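Undergrad: Straight out of TrEMBL:
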{"type": "TRANSMEM", "residues": "6-29", "note": "transmembrane segment"}
{"type": "DOMAIN", "residues": "18-260", "note": "domain 'G-protein coupled receptors family 1 profile'"}
{"type": "TRANSMEM", "residues": "36-64", "note": "transmembrane segment"}
{"type": "TRANSMEM", "residues": "70-93", "note": "transmembrane segment"}
{"type": "TRANSMEM", "residues": "113-138", "note": "transmembrane segment"}
{"type": "TRANSMEM", "residues": "158-177", "note": "transmembrane segment"}
{"type": "TRANSMEM", "residues": "209-228", "note": "transmembrane segment"}
{"type": "TRANSMEM", "residues": "240-262", "note": "transmembrane segment"}
């Protein structure tokens, strides 16, 4: 058994457990029914399935005897669908944040829960379609020379997936740059109208920018190297390179709940209530700021 596969399986187990906790909090807390929390729940579900996909891939490779091509393709499809949904959920959260600032006056009337549910459902149907591609012929089981580092996905199809991912990342980065511009403009307007809170607003803006830097920096460090490597490499490259880049990419699903869920004050309150039946005074009295995720 490869130590790398053991590490991926252990990471998948931790990812599944952590995101299951997020889903449980969202499901059992009636107050967390806003569109924003639906998007966070979509991200948690995608990462939960990604974790289960890593465990399933390990089971298919080492525990299933005799080996089954259908099981291998199904495990690969689950990983494709889950990670596609994870990236698309991150993009949806980014778009939602941008619209909440750009259309602040009409945001709550336009972004209803029903509209968000429809968009999330459409996104998941698209990602499930991506997950079905290995079973529909996007595989190299009959021609090993055509395999990419993402076996059983072919080199050409892996290149398409990598380019699509890089384009989505570029779109996210552009949206976050626009969010920064809008946040700075709002901070300047508030500072002009209320000089006495200028310092507090500047602190909040700095926290918001540090949060955006954390989001983009973490996402880029985890995924960009793996995406670029999948463009230039093929199955003839040493497997250790693939593992060393795939492991940080999967760890992004371990970090997402910390960035998008556990730092949210409403989810923090629900966790405190579930764990100890109380809410710390520092948390209950804390005002919501632009830095809140």
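Glycine too: its Cβ is placed from the backbone N, Cα and C atoms.
Nobody curates TrEMBL annotations by hand; they come from automatic prediction.
Mind running through what each feature is packed against?
TA: Using a Cβ-Cβ cut-off under 8 Å and counting only residues 6 or more beyond its ends in the same chain, the transmembrane segment (6-29) has close neighbours at 37, 40-41, 44-45, 47-48, 50-55, 57-58, 243, 246-247, 250-251, 253-254, 256-257, 261-262, 267, 270-271, 274.
Here the transmembrane segment (36-64) has Cβ contacts under 8 Å with residues 1, 5-6, 8-9, 11-20, 22-23, 26-27, 71-72, 74-76, 78-79, 81-83, 85-86, 88-90, 92-93, 96, 113, 116-117, 120, 123-124, 127, 250, 253-254, 256-257, 260-261, 264, 266-267 of the same chain, all six or more residues outside its ends.
Sequence-distant contacts of the transmembrane segment (70-93), counting only residues of its own chain at least 6 positions beyond either end whose CB sits under 8 Å from a CB of the stretch, comprise 36, 39-40, 42-43, 45-47, 49-50, 52-54, 56-57, 60-61, 64, 119-120, 123-124, 126-128, 130-135, 139, 141, 150-153, 161, 165, 168, 171-172, 219, 223, 252-253, 256, 260.
Through the fold, the transmembrane segment (113-138) approaches residues 33-35, 38-39, 42, 46, 70, 73-74, 76-78, 80-82, 84-85, 88-89, 92, 96, 152-154, 157 of its own chain, all at least 6 residues removed from its boundaries and within a Cβ separation under 8 Å.
Within its own chain, the transmembrane segment (209-228) has Cβ neighbours under 8 Å at 87, 90, 162, 165-166, 169, 172-173, 176, 179-180, 183, 245-246, 248-249, 251-252, 255, 259, 263, 291, 293, counting only residues six or more beyond its boundaries.
Counting residues 6+ beyond its ends, the transmembrane segment (240-262) has Cβ neighbours under 8 Å at 2, 4, 7-8, 11-12, 14-15, 18-19, 21-22, 25, 40, 43-44, 46-47, 50-51, 54, 83, 86, 90, 93, 149, 214-215, 218-219, 221-223, 225-226, 229, 233, 268, 271, 293 in the same chain.
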Undergrad: Over the span of the domain 'G-protein coupled receptors family 1 profile' (18-260), how high is the average pLDDT in this prediction?
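TA: The answer is 85, the mean pLDDT of the model over that range.
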